[in-house]
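**Q** First, the structure itself, so that you have it in front of you.
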Amino acid sequence: MPVMKGLLAPQNTFLDTIATRFDGTHSNFILANAQVAKGFPIVYCSDGFCELAGFARTEVMQKSCSCKFLFGVETNEQLMLQIEKSLEEKVEFKGEIMFYKKNGAPFWCLLDIVPIKNEKGDVVLFLASFKDITDTKVKITSEDKKEDRTKGRSRAGSHFDSARRRSRAVLYHISGHLQRREKNKLKINNNVFVDKPAFPEYKASDAKKSKFILLHFSTFKAGWDWLILLATFYVAVTVPYNVCFIGNEDLSTTRSTTVSDIAVEILFIIDIILNFRTTYVSKSGQVIFEARSICIHYVTTWFIIDLIAALPFDLLYAFNVTVVSLVHLLKTVRLLRLLRLLQKLDRYSQHSTIVLTLLMSMFALLAHWMACIWYVIGKMEREDNSLLKWEVGWLHELGKRLESPYYGNNTLGGPSIRSAYIAALYFTLSSLTSVGFGNVSANTDAEKIFSICTMLIGALMHALVFGNVTAIIQRMYSRWSLYHTRTKDLKDFIRVHHLPQQLKQRMLEYFQTTWSVNNGIDSNELLKDFPDELRSDITMHLNKEILQLSLFECASRGCLRSLSLHIKTSFCAPGEYLLRQGDALQAIYFVCSGSMEVLKDSMVLAILGKGDLIGANLSIKDQVIKTNADVKALTYCDLQCIILKGLFEVLGLYPEYAHKFVEDIQHDLTYNLREGHESDVISRLSNKSTVSQAEPKGNGSINKRLPSIVEDEEEEEVEEEETTSLSPIYTRGSSVSHSKKTGSNKTYLGLSLKQLASGTVPFHSPIRVSSANSPKTKQEADPPNHGRKKEKNLKVQLSSLGSAGTPELSPRIVDGIEDGNSNEETQTFDFGSEQIRPEPRISPPLAESEIGAAFLFIKAEETKQQINKLNSEVTTLTQEVSQLGRDMRSIMQLLENILSPQQPSQFCSLHPTPMCPSRESLQTRVSWSAHQPCLHLQAGGAHLYHGNVASGIWSVDPSLVGSSPQRTEAHEQNPADSELHHSPNLDYSPSHCQVIQEGHLQFLRCISPHSDTTLTPLQSISATLSSSVCSSSETSLHLVLPSRSEEGSITHGPVSSFSLENLPGSWDREQMMSASSERLENFPVEVVTSTADVKDSKAINV
């Protein structure tokens, strides 16, 4: 029959063995990884060592096994070298050395370092024990001084040897025996008795089972249990029958069952012997194979009952030993074997048919027992001397009906024992199942009382067994039914998908183990209907172990209640991997029981025990955290895990605690699984010797410096060019300085206007122009400097702190006006060094120069990739903002043209023109200046200037071009400040226009002359002005006018010299409109010009 097997997977109990044989985890010892050649990092430290040295476990983990952090001023340098040498050669070291605690207090320590091997014989760990011998050392030193003064010599050596022997006894105790060397003993052949290893091996130990140990779930044991079950039922039937019906009256009948009784007794005795050699399942769910533990367990549980039930009373009859009748009653003790049936009832209740069979058997057994009692009552009344009773007893009535009455004072005659038993059983069964039929009835008082009890018991049994068999099965065995249903589903799944035997075994063991832990109860499903308040209290009680960590001391009760809802319970079997390298970390794990190891490339990086926390340092903005190593279970482990998704939700609800949690978790983690963290540890260990030379001797402390990037100093021009190439956003000053290097302002402005005409430059306004050269253009323009930038030597410093979060970058356009010295100094964005995790700035030894160079190259490449990614994101955002600005300006222009009211044209007085335009000025141009602007707006009581337009030519005296039109300082007014000069053609005299005050906008429209010319009449040229500030000290705009060629065809090229000879002297002003608004500065400054050569009659938006 199927039985719960228990936990059989091989476990690596190395940590438990060390802790147990060291008298608990409070002993002073550490374990270090012997497979990492540089530094031999510590993978486990006991609580006693932390108390001795004054360091926390998180501060000791991953430090060097040589314990340089305990060295001080008076530490013997020769012993330091010997420790390093013994670690390199992987040999044992013992010695007395002066160490220093965290607070700087010195103490003498007896240090013993022993290598630990695995099953292959390779040294994988170092076990270092520490014993404080300060008191002994001081006492011995004082005694030595006294002896030196009296005898002139020292005897301290013997005391040192005794102290060393006392400390070595602890390590020898780990092997399970003390090495005793006795003289006068014969040497035993090593081939027969091989010495056990001095220390336990670091490996997964298989269950060692002797061939004389019987598995409790084996097939033989299952068949034996069925045989013992039948023997138990035999005892339950025959013992009451022999006591009540036979007694000492019919020894022949008794002797007929003697053989079967002796056989049953022999079976019980053999069962006792087998129980001393049968495994059992402990309370923790593990299978116990040790013979001594099995014996102790059996003796303290069922041995006494089984021994009494197996006493061979029937052997007394076999050897013709006369016994009194009371000895027969001792056989009723065998009924205690039924208690064993109750113990194994859960094993037999796996199927409904077995359950029904057992219930019916128990019902029949109860009827048998009550029949025996019913016969004893009739027999006692028959033997009574009262004549009034024996005549009405049920046996007397039965004898009359069977025509075998009693006679001779009721001692002779009467029905046979067989007939009496059948009649008694018939009466009890009819009474238990119904009210009886009356053919066998109770006549005396005793019989009536027994009949009443039988009816009550029958009603109860009938209701429980026959009336509610289905309800009994569902209520009593529903959990087992669910267990076997799921087990059957699991086996069907394995059979359908043809899973291998190893995977099948793992699945079955995991299912059985998890079922034994939670008994098939889904806590989430069970608690989902409870209110949140009650559910939070329940989960806080269930997860109180992890919530009592120092990590959650600063959390409020509400935060803990919310967090407890996101804590789950997990289980891991020996050899199972909790996490694989490169997996996405989904939770933070807390080890409740068992031990685990952290592996990378088959090397042990850390050993985790009860109370350890494993995960990664967090950031609020983290999306995916990849693990850097494997986490494998050594024993059966119970875990509690905090789901990261729920954790981030809770931290979002409690921001005052979130920052504290992010800071504290990196100190409370026993091992950090964040990808990239282990390279920092190995690098720190590999350079430990170099760093220790720079640090002063004394107690080691953790260095906590902010990460930084230190670059080699170069020329100032190279720094400016490299800074410009870091980001797609440039300042106005850098653009102007670059234009001065490449050419004149006129050439640079001409290039910008060509780009504007083609629509490739995303300007925000006609007077807000910021040159933004792409990185590609920059590299093409200056390849030598770009090459020098790649060859730049980066020196990187690493902090022991965890990685910081990525800084937020807000893309924006930096105008040159933000800094008064923008034309002299280049403004760039400073990307913080917190987003980069560099290595310590150290000078590696010559043997490690290649490793350091390769590591720096990798870090530099990662940094470049991050910067390029940021540049692309900022560029994309800038383009989107520019496109949005252009769309908004187009919409505002349309609204202004629609909503602005029309007014009659206002003409200005004539103003003499000092000169006629030359061919170089025959290009339409709009210029702004501080003294004589063409279009000028000044916020807050400023004046709006405008000028008329003639022949499509606007010009301003170049000598009057000044600083930015945004200047608000007052300047001396003169008549020329409120007028606009323009260059007329031929004999036309220009006019100057009046000033329009404050909240007005003016719209001017000019059309081509009405006189006959060789030039085709143009469409109207319009200019509108709205009121925002200017962002450029100088902006020029080129317009292309259509012209007529000599053959008379219309062209759309630029105006040539011969086509302008017949240009009229003036253009007629078609109309002038002005509109008012509340605040002119709310409108963007823009100039919109439209000519015939624009496709689809669309305006050129600047």
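Including glycine, each Cβ sits where the backbone N, Cα and C put it.
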**Q** Transmembrane segment per Swiss-Prot sits at which of 109-129, 256-276, 571-591?
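**A** Based on what Swiss-Prot states, transmembrane segment spans 256-276.
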**Q** Which candidate in Asn320, Asn468 appears in Swiss-Prot with the annotation N-linked glycosylation site?
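**A** Checked Swiss-Prot: the N-linked glycosylation site annotation sits on Asn320.
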**Q** Candidates are Asn409, Asn687, Asn745; I want to know which one Swiss-Prot annotates as N-linked glycosylation site.
**A** Asn409
**Q** Would you say Swiss-Prot puts His297 and Val517 in the same topological domain with respect to the membrane?
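**A** Val517 and His297, as annotated in Swiss-Prot, occupy the same side of the membrane (identical topological domain).
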**Q** What does the DSSP secondary structure composition of the topological domain 'Cytoplasmic' (277-298) look like, as residue counts for helix, strand and coil?
**A** 8 helix, 6 strand, 8 coil
**Q** What else in the chain is close to the topological domain 'Extracellular' (441-448), if you only count residues 6 or more beyond its ends and a Cβ gap under 8 Å?
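**A** Answer is 374, 377-378, 381, 389, 392-394, 397.
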